[in-house]
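Peer 1: Have a look at this one before I ask anything.
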Amino acid sequence: MSKKRLHEIAKEIGKTSKEVVEKAKSLGLDVKSHASSVSEEDAKKIVSTFTEKPKTETKPKIKAVDETPKPKLEAVKEEVKVEKTQTVQETVNPTVARPKSRNFKAEREARAKEQAARQKRNAQESTERRQDNRYQQKNDQGSKNRNFNKSQGQAKDRRFDAKGSQQNNRQDSRIASNKPNHNDKFNAANRNQNNSQQERQVGAARIDFKARAAALKAEQNAEYMRHKETQLREQEEARRLAERAKEEARLAAQKAAEEKAKEAEKAAKTERFEPKSAVASTVAPEAVKPVDKRRKKARPEKSYEDQSSNENGPKQNKKSWNNQNQVRNQRNSNWNKKPKKGKNAKNNTVAPKPVTERKFHELPKEFEYTEGMTVVEIAKRIKREPAEIVKKLFMMGVMATQNQSLDGDTIELLMVDYGIEAKEKVQVDDADIERFFEDDTYLNPDKLVERAPVVTIMGHVDHGKTTLLDTLRNSRVATGEAGGITQHIGAYQIEEAGKKITFLDTPGHAAFTSMRARGASVTDITILIVAADDGVMPQTIEAINHSKAAEVPIIVAINKIDKPGANPERVISELAEHGIISTAWGGDSEFVEISAKFNKNIDELLETVLLVAEVEELKADPTVRAIGTVIEARLDKGKGAVATLLVQQGTLHVQDPIVIGNTFGRVRAMTNDLGRRVKVAPPSTPVSITGLNETPMAGDHFAVYEDEKAARAAGEERAKRALLKQRQNTQRVSLDNLFDTLKAGEIKTVNVIIKADVQGSVEALAASLLKIEVEGVRVNVVHSAVGAINESDVTLAEASNAVIIGFNVRPTPQARQQAETDDVEIRLHSIIYKVIEEVEEAMKGKLDPEYKEKILGEAVIRETFKVSKVGTIGGFMVLSGKITRDSNVRVIRDSVVIFDGKLASLKHYKDDVKEVGNAQEGGLMIEKFNDLQVDDNIEAYIMEEIVRK
């Protein structure tokens, strides 16, 4: 459906766009301006509203105009009245009466109306001729359209007859309901054409656009003059008010000056007997300045708008500017300059803005400060100006600027001067992770739940510790899981009676000691395993001492009760001597007799562990952010830094920002002891994580932070402190410990791990290796045990950079594979002295080699040859020995060595040779030396390595 714009409709019906827009709004149409579009039906409605009303009103008026022609001026007035009566119901701008004082305007309007009346008659005749031509063209076009529509209708009837009756009925009903009949449309079109023709004829006879334009212009001029008069009255009123205010201010100042003069005179009279009375009486009147009334004379102030305004007419078109002084040329560049603004303006009547008074703020009663606050920060806190504080500090003897930091004492003195109580703010060190392990006030007491105990098995070598761990791992870990453990991460969990127990697979008590040294008391219960046939051994006593230092309960597992020589009672009595007393004897330590090899009483041992854990009341809060300890850490080629963590409090989630030791990162992936991916790790759960930027140390604490930014800041701060501490702990060499330091730095060690078939062989081999004496090197037995070489031995050897020595034993397939992967050397022997020789050779290999100089021969230069782009060639004769191609040479001149280097080339005549023998001649070139002279001596030598004994 085509649309029409409102200004097109207004042009067709001879109305203004504003009237058409208002009429469309009155009909409820959504239009905004003359450019809005409406449909054809809405356009017809708008046209009909304008055409229906004037039919009865305009005809007699048109006839009256035709029958009795009136004078031109009266005809124009009557047409204006007709237009007013027609637009009573419409919304138009009200006409304003012209001011009577402006006679020249009435004359100008009359002349304009007369001219419009003359033009009207001429335009009316031409308009009628154009309309007749247009109507004739439309009638011709309408006949063509009717013939075409008639043929189209016949074709459509033929198509409709070919379709089914149901479609015809539906089509007929739709046509009947929505669209009028074709004949009705044609008749309506003819009626609309006739109506529009009549309207145009009426409009042509009724509307005079130029007369209306003249009337509208007159109304606009009248409106402009009223606005100008109002503006002038307001300006005049503003000037009167300003003058009145100035006069009042002048009178008030004059009155105040007079009162001050009277007071001065009165004071002078009361003090006339004093010696200074005369001076006072003469000085007081001088304070009153005479008022210059000439400067206060009221002068007419003209604004910029007054320059172009006239009292008897509208605004002039700047004709007064085109004078001799306002020529636009190079000599006068200010021809279009606007009046000045600001304090230099001559006619500035705008009163200055009053200065806003600063609000008074009371001082706070307390002030919480931090060390290093600046003056500006303090000023903002106490609502004072920084300059005021700087002044106070200056009076206190402290020279400071606004951005200078102040110490705590200065801030306290400043607050005392202001009368404010100063308190230092207690700052929490975000980089301190240890506070979470020392203070548990951050935990929620009402959300504490029971957690699984963390157990460490300790004991002497060959007492069954490894066997017990293997038994627990194979029989209890992942019951019902296919494949069992798929990844060994140094810690694992077992389940007994519906409760979990976490075991730490640490390589002996050494790792436990290193953890304790870092303050990581991760163990809740210690299982001390003692062999029933051996009893208490030295390492057993050491394990007892470590457990007591960690303040953890001890459960004694007496192993190997299946052996014939087992004597559990002797073990109980020996342990009682070291402070481990059984509950049967009135002590607090539980004793369990087991056989790890045959899986005997293992259930009873686990029940005892759960009983002790229940007595200890191990609790944890899973709602807080996770903290814990690093069990193991390694650098994987594909994953990067991998750390095995034990969660002690809170719950660890994937994507948590974490700080571990002196490093930080985000938990990218997390796997449990079965090697499966998990997203959540509750308390007492061992997990392996990735996503750290560096590899942490075993035993380091970790904590989860609220966001990655805080974690990064804490990690970087901890790394900075660790580096500073390392530099501070650097021992400086003094004269007292100079030689001790040199000796300690020179001594090197060879780390070995000994595994043998029997205990006697282990002790004998360890004693023999410790007796080997090589200057500057010593043997360090990292670990010695009985049995085959297993995975734990390979792991320990990799961590300590040790060599595994197997005496009459072989490594397991898993250990051999791990040794190849970790590049750990395994030496297998069956004769003890071969072991000693091999270790001795390794110890000698640790020493730095010693070299001795050996003179090969001497020669003398007989002639020199300088070759461009090559250098100086020396012809020589061998005096003694020989000169070889790979030997070092010294150039000696007058018994002084002037150069020491290597040969670049050696020739015998024209052939390159490897050596030149005694009494032979040859030629040579020396690398980076071209200053050979005749009679220079050449000494050839080599450095030989001395065998260390």
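These residue numbers are counts, starting from 1, taken along the chain as shown.
In case you wondered, yes, glycine gets a Cβ from its N, Cα and C as well.
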Peer 1: Which range is it, out of 459-466, 683-690, 723-730, that shows up in Swiss-Prot as region 'G1'?
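Peer 2: When 459-466, 683-690, 723-730 are checked in Swiss-Prot, region 'G1' belongs to 459-466.
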Peer 1: State the residue range annotated as region 'G4' by Swiss-Prot; the candidates are 23-26, 423-426, 559-562, 563-566.
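Peer 2: Among 23-26, 423-426, 559-562, 563-566, the range Swiss-Prot annotates as region 'G4' is 559-562.
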Peer 1: Give the range, chosen from 505-508, 545-548, 637-640, that Swiss-Prot lists as region 'G3'.
Peer 2: 505-508
Peer 1: Swiss-Prot lists region 'G2' for one of the ranges 444-448, 484-488, 649-653, 809-813; which is that range?
Peer 2: 484-488
Peer 1: Can you tell me how the residues of the region 'G1' (459-466) break down into helix, strand and coil by DSSP?
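Peer 2: The region 'G1' (459-466) comes out at 2 helix, 1 strand, 5 coil.
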Peer 1: Which residues of the same chain, at least 6 past either end of the region 'G1' (459-466), have a Cβ under 8 Å from a Cβ in it?
Peer 2: 508, 528-531, 534, 537-540, 543, 559-560, 596-597, 759, 783-787, 790, 792
Peer 1: If you run through the region 'G4' (559-562) with DSSP, how many residues end up as helix, strand and coil?
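Peer 2: Its residues divide into 0 helix, 1 strand, 3 coil.
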Peer 1: May I ask for the residues of the chain that lie six or more residues beyond the region 'G4' (559-562) and have a Cβ under 8 Å from a Cβ within it?
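Peer 2: For the region 'G4' (559-562), the list is 463-464, 467-468, 529-533, 568, 593-598, 600.
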Peer 1: Taking the Cβ of Ile561 (GTP binding site) as reference, which residues of that chain separated by at least 6 in sequence fall under 8 Å from it?
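Peer 2: When sequence neighbours closer than 6 are ignored, Ile561 (GTP binding site) has Ala532, Pro568, Glu593, Ile594, Ser595, Lys600 within Cβ distance under 8 Å.
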Peer 1: On the 0 to 100 scale, where does the mean pLDDT of the region 'G4' (559-562) fall?
Peer 2: 86
